[in-house]
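Listed features, source TrEMBL:
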BINDING   A:Leu9, A:Gly10, A:Leu11, A:Gly12, A:Asn13, A:Val14, A:Gly15, A:Ser16  NADP(+) binding site
BINDING   A:Lys105  NADPH binding site
BINDING   A:Glu191  L-homoserine binding site
ACT_SITE  A:Lys206  active site, proton donor
DOMAIN    A:351-426  domain 'ACT'
2 protein chains.
Amino acid sequence: MGKLKVALLGLGNVGSGVYKILTANKAVIEKRSGYEIEVGKILVRDKNKPRPVDVDEDIVTTNIDDILNDDEISIVVELMGGEEPAKSYILRAIEKKKHVVTANKLLMAKCGVEVFNKAKEVGGVHIHYEASVAGGIPIIQGINEALTGNKIEKVIGIINGTTNYILTEMEDKGLSFEEALKGAQEKGYAEADPTSDIEGFDTLYKLDILTALCFNKKVPVDTIYREGITKISKGDIEIAKEFGYKIKLLAIGSEVDGKIEARVHPTMIPAKHPLANVNDSFNAIMLKGDAVGDLMFYGRGAGDLPTGSAVVGDIIAVAKNLNNEPSGLDLFEENNKKALKDMKDVESEYYLRLNVLDTPGTLAEISSIFALHKISILSLIQRGDRKEGMTDIIFITHKAKEEAIRNSIEAFENLGDKYKVENIIRIENFN
Amino acid sequence: MGKLKVALLGLGNVGSGVYKILTANKAVIEKRSGYEIEVGKILVRDKNKPRPVDVDEDIVTTNIDDILNDDEISIVVELMGGEEPAKSYILRAIEKKKHVVTANKLLMAKCGVEVFNKAKEVGGVHIHYEASVAGGIPIIQGINEALTGNKIEKVIGIINGTTNYILTEMEDKGLSFEEALKGAQEKGYAEADPTSDIEGFDTLYKLDILTALCFNKKVPVDTIYREGITKISKGDIEIAKEFGYKIKLLAIGSEVDGKIEARVHPTMIPAKHPLANVNDSFNAIMLKGDAVGDLMFYGRGAGDLPTGSAVVGDIIAVAKNLNNEPSGLDLFEENNKKALKDMKDVESEYYLRLNVLDTPGTLAEISSIFALHKISILSLIQRGDRKEGMTDIIFITHKAKEEAIRNSIEAFENLGDKYKVENIIRIENFN
């Protein structure tokens, strides 16, 4: 049986999960992988901080050089998160010809190209990052291995557990966004500063990685359209329900005629679609391959053990491939011919909630603005409820260009207090 | 770039799907795998039969020896189905040190041990069979690779598209079983002789393979409990709906305290569970790993291209692992210490529909029989509708042993015409 020594950089939530799995499931791992995997060293920031797991003090260090200079360590497992010092440590590990396993989505999204280029330059180094997208769900391996025979046409994911938990609570319990966020913070699903989750940054990083994998096009993260869930109201969720939809924060990537579409935003999806039934903090990713058709992976997107499961899977993948040339180092290509579609050219159906002055002629005026911008209305609801002379009208459009929607909204806003655009939510009907 | 020649045994539905993918997606496959894969020979039964795809006549043969004696062919891809001659061809290919990819569930379930033993004896031969379970869904790779760090505790699958289509039609359109089966046959989802699907044999073979993979215990197929969907009535589906359930044909495997449970039967599951929303001919498999928690894979379980996608994934997996020792040849262990739990010891909640003589004392008599066998009732429905003095009573039980249920049914039947057991359906609440 082969033996492998790994070093963990970080012993927080995920680090301790990895440690637990490697020790508790040692026998099963040896049986399935043919390798005995030992944690040789662990990097921590503070040696005196209480740890979530008991580890041998002799292997704990605060000095990265203890790990980089240890020739017995063949895999460095980066579980610190954030850009620095994670990036420097990874690049230095690669220079030392150590294989790298990382769970760091921000790093892979922002600096993945740099990491792969370094690995290509050095040669013979494997880079694995399954845990960086959707925790325990083996989506990266699925795309890179099992689906190799497919041209992937579309990827749509619910890949942030915090926002999915918040939206599920709003849906099931009729809570406001603020109430649901507070509950999520109390339960530990949302951080004290929830910006990265609720504003869609976390989802963005993961989509960026998926786009590179699926379409072989690494898009700079700041060029991808991103919209969080903070504007979603109880009312939007209720009306969505009436129309047979649920609201989810989706990451959407696709390739049509060599152009890449990539966007993150709250989306109405049919209540009967499998993605609509992904609730609480669960994640799911749906892929459309030209051969396999629709495929969905569902599971835990976070947590010490689910994420640890993906990290351990990666460690074993490295072990099994020690005799092979590293593959997948060319997937993150920034400068290939595929262009990113401008958001204003993206087509979608839309839900628009307008708060308008309830007088004769209003509907005619709205209709003429939509007509002017070639937006065709599929259905509308106007209820009787008035407040200070204003009333809500909800429109569902046929497919329209984002640009046309933006222009018509500008037109409404130019008409002054008579029209208030309360919310715009894109609709995905999966056809 | 490496080059590999494969031979296809069979050019039917799946064979032509594989051929189409390998030719249409040649560029994408080379980019992702680093291998140029060429179909070197194709075995057909009849050279004059019209073919679903155009292939070079020179590579078509009716003689297996043309393939086995061709040293350039390194992978034999068996897509004929059935036990013989598939098995002999595979064993002979292994003897010739050719790697094997197969989509043959019946063969792997019935003769998998023999195939693996031959591969171990010969040495250096890789065996892949992703397409044998759930078509395009990469479940076998998921278990063998990404989830290696997990002890798998449970696997529950909807792994037969035909029966799932029939049950979905019954549910959505209120059809009887016979009507839905006829529709499935007209649409090509069910065969003229639908026995293998509707009686659960197809599901059984796939569960048998999953059990070997998940729990490292190959159970002889004929010892696994199997029940098809032919007894499910419109009425059962309606009542299930009232109780908040849907009826699905499930394959259930689990390991508790070193004992393996494996069974195939129609099952009521909560309507909100992700598996309940797997409709039409789609397949899905839910796994519970001790680290990863609940994980579900959803997709097309059949069809030329989805199944072809899995076969091509396997071919590429072989290509990428040519330098590695074959792994997974020990998973199908028949004689390890784990025992298969006897069906009569399996515990479940149950739905029982009894047709009983509507007279005073009936309910008391039923209750005393249940009490005698220590079956505790969670809820019951008796509607007013009588027919020839008889009425339906539906019981939902708390968890009970299968043996107790069987004994109480025998007790009812011993009481003569007063009691008719219309149906018994197990309930899975996933807790």
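Cβ from N, Cα, C; glycine included.
In TrEMBL, annotation is done automatically, which means it is predicted and not curated.
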Beyond the site residues A:Leu9, A:Gly10, A:Leu11, A:Gly12, A:Asn13, A:Val14, A:Gly15, A:Ser16: chain residues whose C-beta lies within 8 Å of the centroid, for NADP(+): A:Leu8, A:Gly17, A:Val18, A:Leu79, A:Met80
In three-state DSSP terms, the structure that A:Lys206 (active site, proton donor) belongs to: helix
Reduced DSSP assignment, A:Leu9 (NADP(+) binding site): strand
Spatial neighbours of the residue listed as 'active site, proton donor' among the binding-site residues A:Leu9, A:Gly12, A:Val14, A:Ser16, A:Lys105, A:Glu191 [C-alpha, 10 Å]: A:Lys105
Cβ neighbours within the same chain of the residue listed as 'NADPH binding site' - under 8 Å, at least six residues apart: A:Ser132, A:Val133, A:Asp202, A:Tyr205, A:Lys206, A:Ile209
Fewest other Cβ within 10 angstroms of its own Cβ, chosen from the binding-site residues A:Asn13, A:Ser16: A:Asn13
Cβ atoms near the residue listed as 'active site, proton donor' (within 10 Å, other residues, all chains): 26
Residue among the binding-site residues A:Gly10, A:Gly12, A:Gly15 whose Cβ has the most other Cβ atoms within 10 Å: A:Gly15
Tally of residues which DSSP labels helix, strand or coil - the domain 'ACT' (A:351-426): 27 helix, 36 strand, 13 coil
Where A:Glu191 (L-homoserine binding site) sits in the secondary structure, as DSSP reduces it to three classes: coil
Cα distance (Å, whole number) from the residue listed as 'L-homoserine binding site' to A:Asn13 (NADP(+) binding site): 14
Residue pair A:Gly15 (NADP(+) binding site), the residue listed as 'L-homoserine binding site' - Cα distance, angstrom, rounded: 19
Inter-residue C-alpha distance, A:Leu9 (NADP(+) binding site) and the residue listed as 'L-homoserine binding site' (nearest angstrom): 22
Rounded distance in angstrom between the Cα atoms of A:Val14 (NADP(+) binding site) and A:Glu191 (L-homoserine binding site): 16
Length of the line joining the Cα atoms of A:Gly12 (NADP(+) binding site) and A:Glu191 (L-homoserine binding site), in Å: 15
Sparsest Cβ surroundings (other CB atoms within 10 Å) among the binding-site residues A:Leu9, A:Leu11, A:Val14, A:Glu191: A:Glu191
